[in-house]
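Engineer: Below is the structure I would like to discuss, written out as structure tokens.
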Amino acid sequence: MAAAIAVVYLSLLLLLLHGAAPAVLGYTRGDFPEDFVFGSATSSYQYEGGFDEDGRSPSNWDIFTHQGKMPGRSTADVAADGYHKYKDDLKLMVDTNLEAYRLSISWSRIIPNGRGDVNPKGLQYYNDIIDGLVKNGIQVHIMLYQLDLPQVLEDEYDGWLSPRILEDFKAYADVCFKEFGDRVAHWITIDEPNVASIGSYDSGQLAPGRCSDPFGIRKCTVGNSSVEPYIAVHNMLLAHASVTKLYREKYQVAGKGIIGISVYTFWAYPLTNSTVDLEATKRCQDFIVHWVLRPLVFGDYPQVMKNIVGSRLPSFTKAQSEDVKGSLDFIGMNHYYSLYVNDRPLGKGTRDFVADISIYYRGSKTDPPPGKAAPTSIGPDPQGLRLMVQYLQETYGNLPIYILENGYGSSNDTVHDNDRVDYLKSYIGSILTALRNGANVKGYFVWSFVDVFEYLTGYGQSYGLYRVDFADESRPRQARLSARWYSGFLKNREMDVDQSELAMAAAESRAQQ
């Protein structure tokens, strides 16, 4: 049972992107609406480093990684050293012709004690970044929370497992709105509540590393995998609603800004046309996507979740339902790949999220059934992004959609990343198709601008448009082929790539096979 659950969970969280996506550009920047923005993204813990500098307190991820729980016992103590190199990166953003940049704020850097006194040096750091972006005409998108919580709040009341976090998160957001809102009009409250809660409170694979036997991927000392993922998401949704209400009442009129949330998505194809596999595909989206979005649009969880999870799924009071309902100005989605889904009988006895969803995942239709080894690679499927966008539009009406993360991860950190160029070309092309079909998509962000510490693999996977040499303490950047292509595309032309460089990229790709 535990082995099967581990395989299913790994299939969900450890599918790392490899392989080229055949694509021809066939479009230019000018084919997209003028108000559509193209950008790139990083996050505070994964990018900044400076973990104990200028008043920053430890986050849950500092504690987690310092316990040696990541591959190679890696940490983000320095990461890409964005705390010291942001000015250089701003220049690279200008060189890349970025139209927008999505960053997250470190709560531990802004309010080291989780509540109360604000750290002026933390404010100065983010003000300097924001000022630099605005000065160069780059639109600023801020994520308030991207998995890194002040450890003091974990110690005091178990973080997202306690309703006490609602007031602390609201107070933290209030500081950010007040200090940065005059220059920032695009806000995202929380990143990926769905996947974050599964990894943090079911498998124990993400900080704070809570789980219970027999469900954890790693050995956990505390946690309850059967209930904690649902409690954490419930509190995240209530916190989102509270912060949205604050923003709308106190700041939105003056700033004319918008606020939303980010949800992890993948397109799910039924493995067969059988009734049970078709139902499994729908159940997959109910548990993964609608778990977060349905309450924020319609005020309650999907009925299938209530039926299967039962009393382990928290319920909204009437007042809470009214608060969460309609608390989105836009939908933010992170999207990387598609999966094939088939039905798995609902287990008896104690269950966790993975058992509740009762689904098997495969990277392709020809993959063998899940066994002792989970698939670790999957080919790109740009059509899946288009289908996901259109599906969200059909489900939730004309809410604007921002694709806040999309990118290509590789264990080969070469600068000759032709596979990544092909991936980006094909996925951006799928967005254009969705737009022409009437989808209300407003922006697209490549993950990531520079190589960063990845939450699942540490430094084992590279996603950056710019390569970072993590073996060099100065963390030098080097433009990849993908950075040059993206820059050319944003200049409304296709980049001229030296044929010898393409040949080198092809040779490296063959050597990796």
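Cβ coordinates come from backbone N, Cα and C, glycine included.
Copied straight from Swiss-Prot:
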type     : residues                                : note
SIGNAL   : 1-26                                    : signal peptide
BINDING  : Q46, Y336, E405, W447, E454, Y455, Y463 : beta-D-glucoside binding site
ACT_SITE : E192                                    : active site, proton donor
DISULFID : C211-C220                               : disulfide bond
CARBOHYD : N224                                    : N-linked glycosylation site
CARBOHYD : N273                                    : N-linked glycosylation site
ACT_SITE : E405                                    : active site, nucleophile
CARBOHYD : N412                                    : N-linked glycosylation site
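Walk me through the surroundings of each of these features.
Structural biologist: In sequence order, G407, Y408, G409, S410, W447, S448, D451, V452, E454 are the residues near Y463 (beta-D-glucoside binding site), counting only same-chain partners six or more apart with C-beta under 8 A.
Listed in sequence order, the residues of the same chain lying 6 or more apart from E192 (active site, proton donor) and placing their CB within less than 8 Å of its CB are L147, S262, V263, Y264, N334. Secondary structure from DSSP puts E192 (active site, proton donor) in coil.
For C220 (disulfide bond), the same-chain residues 6+ apart in sequence whose C-beta sits under 8 angstroms from its C-beta are G204, G209, R210, C211, S212.
Within 10 Å of the C-beta of N224 (N-linked glycosylation site) we count 19 further C-beta atoms, all protein chains included. Taken residue by residue with DSSP, N224 (N-linked glycosylation site) is part of neither helix nor strand, so it is coil.
Mapped onto three states, the DSSP output places N273 (N-linked glycosylation site) in coil.
For the recorded site, E405 (beta-D-glucoside binding site), the DSSP three-state label reads strand.
Around the Cβ of N412 (N-linked glycosylation site), the number of neighbouring Cβ atoms within 10 Å comes to 14.
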Engineer: Would you pick out, from the recorded positions Q46, N273, the residue whose Cβ has the largest number of other Cβ atoms within 10 Å?
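Structural biologist: Its Cβ has the most other Cβ atoms within 10 Å: Q46.
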Engineer: Using only the residues recorded as binding beta-D-glucoside (Q46, Y336, E405, W447, E454, Y455, Y463), report the maximum Cα-Cα distance in Å, whole number please.
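Structural biologist: 18 Å is the greatest Cα spacing among the residues binding beta-D-glucoside.
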Engineer: What is the total of other Cβ atoms whose distance to the Cβ of C211 (disulfide bond) is within 10 Å?
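Structural biologist: I get 26 for this one.
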Engineer: Restricting the comparison to the glycosylation sites N224, N273, N412, which residue's C-alpha is spatially nearest the C-alpha of Q46 (beta-D-glucoside binding site)?
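Structural biologist: Going through N224, N273, N412 one by one, the closest to Q46 (beta-D-glucoside binding site) is N412.
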Engineer: Are there any residues in the same chain, six or more apart in sequence, whose C-beta is under 8 angstroms from the C-beta of Y455 (beta-D-glucoside binding site), and if so which?
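Structural biologist: The list for Y455 (beta-D-glucoside binding site) reads Q46, L147, G199, L206, given in order along the sequence.
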